[in-house]
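Chemist: Here's a structure for you.
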Amino acid sequence: MSKIIGIDLGTTNSCVAVMEGGEPKVIPNPEGNRTTPSVVAFKNDERQVGEVAKRQAITNPNTIMSIKRHMGTDYKVEIEGKKYTPQEISAIILQNLKASAEAYLGEPVTKAVITVPAYFNDAERQATKDAGRIAGLEVERIINEPTAAALAYGLEKQDEEQKILVYDLGGGTFDVSILELADGTFEVISTAGDNRLGGDDFDQVIIDYLVAEFKKENNIDLSQDKMALQRLKDAAEKAKKDLSGVTQTQISLPFISAGAAGPLHLELNLTRAKFEELSANLVERTLEPTRRALKDAGLSASDLDKVILVGGSTRIPAVQEAIKRETGKEPYKGVNPDEVVALGAAVQGGVLTGDVEGVLLLDVTPLSLGIETMGGVFTKLIERNTTIPTSKSQVFSTAADNQPAVDIHVLQGERPMAADNKTLGRFQLTDIPPAPRGIPQIEVTFDIDANGIVNVRAKDLGTNKEQAITIQSSSGLSDEEVERMVKEAEANADADQKRKEEVELRNEADQLVFQTDKVVKDLEGKVDAAEVAKATEAKDALKAAIEKNDLDEIRAKKDALQEIVQQLTVKLYEQAQAAAGAQQAEGAQGNAGAKNDNVVDAEFEEVKEDK
C-alpha cells in the first residue's frame, strides 16, 4: 500500500512527515528546512511558495500570507485579474509539500492525513478537504491538531495511563484539548479554542506599537504605506522571536519613510517587559478556553499528568509562564512545537495503512450541532465534545395546519438563538400530506464522520419520503468547481515544471559556453586549428540561440556543441596521458643510471649464536 503522508497545514508555516521504519519522520523541503512558510506569491505568471515567496513579500504586492484564516468563508483574493479562493491558495501550498514528499520518497504520493485546528467548524473542515483534492491528494482523514500532537507524544508511551492537556497556539489559531491515554487508546475528552487568535496577533501588537511611536515622533502614519507595513511585519515577527531568548532587542528600519527634510529611519529598543505588556490581553484570551476545556472534561488542573505545548507561539516566555501558573504544571518540553503536529498526522497515516498497530483514536466534535425550531430557537441534537463518528435522531413536527414542506436550517454553535450561531446549510423536505399542525412526524438525523464532517437527513415517517444533504456552506465548492480547480492546479504544476526545465536548460547552455571557452584555451596550439574553429563556431551559435531565447534551438545547438566539446576533452586527456607517460619513461631511465653510480656491493658473513 502506498504511503500516506501527514501534513500540518499551518497559518504561518506548514510541515510534512511520513512513517519510516515504525517512526514518524519530518520530510525536509528542497532548501533543507523542516518547515515551509505558508506563503504564496505570483510573479510574471510564475507561482512561488515558501521561503522564496516570503523573502520578496516587501516588494511584491501579489504575495498571500495567513490564508488559513479565511478557510470556510467566501473570501477571495484577486491576483493579476484572477480571483482565487482560500482553498486554491492552500492547494498551492499542499502541492509544494506533496512535491517535497515525492522527491524524498522517490515515488508518487496521492494520499494524505491533513490536520486542522480542533475548533474548526464544518465549513472550515470541508474547505481543507477541498484544498487537498485540488492539490491532487486523497484526504484519507482530517484530524485535529492537538490530537495529532498527542498521537506523536504518546506513540512510545502507550503502556502509561495519563491525562494530558495539549495547549496549541499557532500562527492564526488557538486550541486546547484534554485527552486520556491508556492501552493505545487516545481519547479526547474535551476541546475548546479560538480560531481568531495566534502568533499573527502577537506580531500585530508590535506593529501597532511601532506605528504609534513613529507617528508620535514624525507625524507620519506608516499603516497607510503597504511596503512600509510589510517591513514592519517582518521586523515585528523577528523581534517577537528574539524576545523569546533575550530581554531586549533593537528594531532598525532605515529609510522607512520620507519627510520634508529627507529620508526617515525607525530605530527603537523593544524590551521583553514592554512586549509582555502589549500582549497581556492575548495571553489572557488563551486561558478562558483552557478553563472551559477543563470544566467540560470534569477535571481540575491537579488531575493532569502532562501539559504539552504545541505551535511556534508557545515559545513566548509569557505564554509558558501563564499556562504554568494556570495548571500548576511545568510544560513538557520533549516535543518540537513546530513539527509534532505533522508527526502525529503521519502516525495517523500509519494507522490507516496498518503500519502502526494497536492505536485507537477517539476524537470529539468541538461545537454543538442542531436545527432552528419555532421562534428562532437553536435546538441541539449533538452536544459539543461528543465522541465521533456519531449519529443522533430526533422527531419534529409542522408549525402550521396543512403545511406542505419544512425548511431544515442546520446550525453549529453554543448560543440559544439560531441567529447567533453559524449556519452550515439549509434544505427542504417537501410533499408532506395535508394534516393539522403537530401531526406529521419529521425525523431529523445528524451523522458526523471521523473527519468531523456533517451529513443531515430529514424523513417524513408517514410517507417514508427522505431528503439528505452533506453540508455545503456558502463557501463550499461543488464537485464541478473542485474538478475545474484540480485541472487548473495540474496545468499550473505542469507549467511550473516546464518553466523549471527551461531555466535548467538555459543554465546548462550557459555552463557549456563557459566550459567551451576553457577547453579551447587549454587546447590552444595543441590540436588542429580547424577543430578549435569548429568548436568556437558552435559555441557562438549556441550563444545566439540563448539571446533569442528559442528553447528548441538552444536544445539543438547545446547538443551539437556538447558532442564537439566531448571530442576535444578526450583529446585533452589523451595529450595529458601521453605527456605523463613520456615523463615516467624519462624518470625510469634516470633512476637506472643512479643505481649504477651509487649502489655498492657489500660482503657479509653469517654469525651463528652460541647455543
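Glycine is no exception: its Cβ is also placed from the backbone N, Cα and C atoms.
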Chemist: In Swiss-Prot, one of 457-487, 488-518, 581-611 is tagged region 'Disordered'. Which stretch would that be?
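Modeler: It is 581-611 that Swiss-Prot describes as region 'Disordered'.
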Chemist: Let me check the 10 A CB neighbour count of Thr173 (phosphothreonine). How many other CB atoms are there?
Modeler: 28
Chemist: According to DSSP, does Thr173 (phosphothreonine) fall in a helix, a strand, or coil?
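Modeler: The residue in question, Thr173 (phosphothreonine), is coil (DSSP, three-state).
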